Amino acid sequence: MTIHKQRLTKWIERNLFLMMSVYTFIFAMFMPDRSDALNGVKVILNQSGILTHDYLEIGGVSATFINVAVHFLIAHLLYRLSGAKELKGAYVASVFFSCGHAFFGSHFLNIIPPMIGVCLYSWWARESIAQNFAFAMYANSLGPMSSVIWLMGGHSIGSLVAGAIVGVIIGMISVPLANKTAKFHGGMTLLNYGYVAGLIGIVVTAVMAQLHMEVAPVNIISTHAHAHITDFLMILSVIFILFALSQWQQVKENYPKLILSRGIAGDDFIQTYGLHTASLNMALNVLVGLSFIYAIQFPMNGTSIGAMLSLMAFGAAGAHPLNVIPTMLGVILAGWCYGVNLSSNGVVLPMLFAFGLSPLTSHYGLLGGLFAGFMHMTLLSKTLTLHLGSTLYNNGFSTGFIAIFLVPIFDAIREKRTLRQ
């Protein structure tokens, strides 16, 4: 790689999240409802954001993409302020994953308290913000808890303060919880923070219920933005592929290694194989997801584009087509067995988020991935009732349960087979 290309790559690494913010904002300005974007943003900021608020339906297409663009901008600012010396797969995964949920839950006000909470924990624990940067981004999943309190109090000063305090506390406690729960499943779910967020959501909603502050999930889904969503994802994929092709020799050498890697939680495709190779993998994950979407003729909405960005996110940190596809097929198989409409949100979302269980494919083979996806579809409908939509990472919550449940069983089967041989 020439010195010029090395410098360009380093600049992109430092400013990737800013570039995503600019791209998303420019895309927003090309939407047909851009003239009403400001009013749409105001509407979005007045939502609780608990599952499921599809902002494409609530605030409009342009306003929603602006909300996402601001999320990327905040991520860029925190990344630069954190003092991180190099771009890691965990950083990219956490930013793209959390920004994907800005399409259907988080907005750029309710994410601030939990992010501050993670930063305060870092200061208290004498750890760098860079060390906990990914946690700060994942903490956005519990932003709706602050919004709920703000709305219940009519945006009074007391409710604003109370909501902010709750968000800060949630952010602080999430870091030690995430560090501990990661040991439960041995890296067999990529979405460990989703499991943590679900546990926190259960506790917080239980406390709120005792205080007669009831939280109830909603289901607002858009039906009119399919073309805009696919345009956004296709353009983004092409950009990432072109960037990867600019270092084709490096990518050609490294991608076969990446696609055969185990892909467990903690794997860093950027540091191990390079940003160009990881970028190709991220784009291919999107194309795999879109292929499934088109095969079942599903109209894209805010939740599905959020899931697609999440699938893309972990193309930098553990998920690749070979370990993702079996889990997706497992979800589809479950939907077919249960008689669920395969082109419904109830199948498509768990299918796209099943990548969280992709390490089970890598570790236990095709059947392990298929069964994990099948179980994910089976359990998901029940996990929402536990936290009432207070965490946006319901799929991550489910994958945590599945991994903890299946890993000991799969290990026992493998050990018995080994002994018999």
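Heads up, the Cβ atoms here are built off N, Cα and C, so glycines get one too.
Here TrEMBL gives transmembrane segment for one range in the set 123-142, 303-322: that range is 303-322. Contacts between the transmembrane segment (270-296) and the transmembrane segment (392-413): absent, as fewer than 3 C-beta pairs lie under 8 angstroms at sequence separation of six or more.
Segment contact holds for the transmembrane segment (328-357) and the transmembrane segment (190-211), given three or more CB pairs below 8 angstroms at sequence separation of 6 or more. If you look at the transmembrane segment (190-211), the same-chain residues 6 or more away from its ends with a CB under 8 A from one of its CBs are 93, 134-135, 138, 141-142, 145, 148, 166, 170, 173-174, 177-178, 181-182, 184, 263-265, 314, 317-319, 353, 355-359, 383, 386-388, 390-401.
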